[in-house]
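According to Swiss-Prot, the features are:
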CARBOHYD  160  N-linked glycosylation site
CARBOHYD  165  N-linked glycosylation site
CARBOHYD  374  N-linked glycosylation site
TOPO_DOM  1-52  topological domain 'Cytoplasmic'
TOPO_DOM  74-490  topological domain 'Extracellular'
TRANSMEM  53-73  transmembrane segment
């Protein structure tokens, strides 16, 4: 009787010898080995004494297989770590490691982890620093409505490493949409910047922000803290619970109206048309015929200050760039081996809340962006048709008094640092930190591995400073205070 389960047949291989040529001898070579834990079967004519040797060979083969698999896993773990983990310097495929914030190709740093991640994804998709920066800025417009948004005013500074030129993005003169409400210019400004310097298609940059607004995002600590300190009456129901209390950390928020505006903007072929979708809906909300003149952002050559060590670039008036250049020039001409801590800046009438981000690649191209709604949550009243908070920045004198991004291009032979970028949140105190950091760098030039903005901002009061640099074909990002702003790279 045949067994219920068929036996497993193996061929025992013998070294071929000329004397073994007959069919009968070849048939005798074939032996039947049955793998059965109950013991060996002798139905094939095998001698029981031969089975232990076969089992030993099988065990040895399995052991070798296990060892080989283990070695392969260890090799993958040591060389295949994913680069660009949030806030990490994961070792690249080349096998050497870096400190956190140092990457081979490009990096981005922003106030929101979700937006830094989105910027990195645009890098990986083949985009450049402008694609990553603009995409992250649109993301911040969704997840950080307390500091920025589609109603915000934007300033930017872009340095092209290939040409050596730096270009300033200006918001144009402050305009009023309605009493106490600033004319929104974010969409045409960002679209203009991308049209001239971006690489990926414009709609690609809005896919992530649209998804966040449509499917929802989580309230982070920064937004939750701002909500806790704010009268939320004009922010409900978007940022409130059903009982009117502000949302806390980890609460999911969806803004479908904003998603619809972003979708329309993604289809606009020109910067001017990208802002029209928002303006037409805002006019309906406010009962207006529409603004007589649209926003007028511009791209123009950055201001320059030649120095013995290199060239300093910043944004033109009405930003705070010219005043900062005057301050830096006066500080460098004054006697003394080192810069004075926290040099005083010209006093501004107000210190509006703002948002900053920075991107850099290993070739030395840098993009710095800063934006503001003037106050926390701007006007404090949510547009029901658009899900947008408008700015209350309407005084032309204050249109850019808070904006002062700086880029230093090194042309000396004494240091390997190619480009250094600094951008601070919109307070005079933070700008003093930025000025002091630049003066310290000029007085004692060091590599980014040796130097970083690790000074506590408490030395010059509160503020946020982002620093990016390109050095020895690597991109470097860091912040003051350390850890305040998530970064990613690849």
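Cβ atoms here come from the backbone N, Cα and C positions, even for glycine.
Each residue contributes its Cα atom, and for residue 374 (N-linked glycosylation site) and residue 160 (N-linked glycosylation site) these two points are 30 Å apart. The local packing around residue 165 (N-linked glycosylation site), expressed as other Cβ atoms within 10 Å of its Cβ over all shown chains, amounts to 13. Ranked by how many other Cβ atoms sit within 10 Å of their Cβ, the glycosylation sites 160, 374 place 160 at the bottom. Look at residue 160 (N-linked glycosylation site): DSSP puts it in coil. Confidence across the topological domain 'Extracellular' (74-490), taken as the mean pLDDT and rounded to a whole number, stands at 83.
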